[in-house]
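Chemist: What follows is a single structure, and I will ask about it in a moment.
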């Protein structure tokens, strides 16, 4: 689970393709999402993020968020569980 800066006016209308870049985001954390995977071979590399807004948002409920740039402050507030 990680906090992100959703900058709601942009995040609400997240494109259904491509990689959401750091330049499109703010730095104030105001939303939680799940980082469920990544693709380091893509250009640019990206996190696979699952949102809670249902399958009509983004890529059937997911988005690609630029990796390695702290896009949307994704690395600022994270947590995980050990099971």
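Glycine is no exception: its Cβ is also placed from the backbone N, Cα and C atoms.
Pulled these features from TrEMBL for this protein:
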type   : residues : note
DOMAIN : 16-81    : domain 'Peptidase C1A papain C-terminal'
SIGNAL : 1-24     : signal peptide
Chemist: Need one number: mean pLDDT over the domain 'Peptidase C1A papain C-terminal' (16-81).
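Modeler: Across the domain 'Peptidase C1A papain C-terminal' (16-81), the average pLDDT comes out at 83.
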Chemist: Could you break down the residues of the domain 'Peptidase C1A papain C-terminal' (16-81) into DSSP helix, strand and coil, giving a count for each?
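Modeler: So the counts come to 6 helix, 22 strand, 38 coil.
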